[in-house]
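Here's the structure we're looking at; comments come further down.
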Amino acid sequence: MERHVPEPTHTLEGWHVLHDFRLLDFARWFSAPLEAREDAWEELKGLVREWRELEEAGQGSYGIYQVVGHKADLLFLNLRPGLDPLLEAEARLSRSAFARYLGRSYSFYSVVELGSQEKPLDPESPYVKPRLTPRVPKSGYVCFYPMNKRRQGQDNWYMLPAKERASLMKAHGETGRKYQGKVMQVISGAQGLDDWEWGVDLFSEDPVQFKKIVYEMRFDEVSARYGEFGPFFVGKYLDEEALRAFLGL
């Protein structure tokens, strides 16, 4: 039997990412005195302004989304240069007065990742650098889902030679490039960090584009044979005014 020679993908890592999904106890929130709700709002607004200042200083990015369906009400999406500032962002939200009305529904921790199957990428490349530290769009919609590469029988991604993986990913990338200008994609790796191997964020001004790109990519061999997908979350970006309206203030 021929011995399998491991050929791991070359990766570059960027910002750390936390998808923090929360449920809002609407009954408790609206039964609270207006003064208490206003105080909670002012504290939350101050926290978000701190996140905005960090983004403007190039020390991270953020987005808050109203999530459709029963899986969550809000997504607090934060990107930071390391785990420690990401933990601080999570803790600050959890210690806030607004958190008294929130419950945790799902979370995913990962690190922005760029991969090359055959040769290392140049971290100083003007093409590579911005993709390692992406800025979350401040409008439109997000679609997030975790995924794995299959390791089952003959469909074992990790047993494929690097050249074959490269060929499959190239075809997959060509499908994605059809949506350039319509969908922004951020891939983050989570091997050893969370329960799935990757997180995928899609950003668009038109949520129907999420359906189109995911459906078309399902026909790529790399997805049809080797892709395993977790839950999908779709949300609408909330600026300060929209977030306040969502909270009924």
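The backbone N, Cα and C atoms fix where each Cβ goes, glycine too.
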Where Swiss-Prot shows ARG131, TYR145, PRO146, MET147, ASN148, LYS149, HIS172, GLN185 binding Fe-coproporphyrin III, which of SER94, SER96, SER223 is named for the same site? SER223
Consider the binding-site residues ARG131, HIS172, SER223 and say which one has the Cα lying nearest the Cα of TYR145 (active site). SER223
Long-range neighbours only, meaning 6 or more apart in sequence with Cβ under 8 Å: which ones does SER223 (Fe-coproporphyrin III binding site) have? HIS172, MET217
DSSP on TYR145 (active site), three-state: which is it? strand
Using Cβ-Cβ distances, find the residues under 8 Å from ASN148 (Fe-coproporphyrin III binding site) that belong to the same chain and are at least 6 apart in sequence, listing them in sequence order. TRP196, GLU197, TRP198, GLY227, GLU228
ARG131 (Fe-coproporphyrin III binding site): tally of other CB atoms within 10 A of its CB: 17
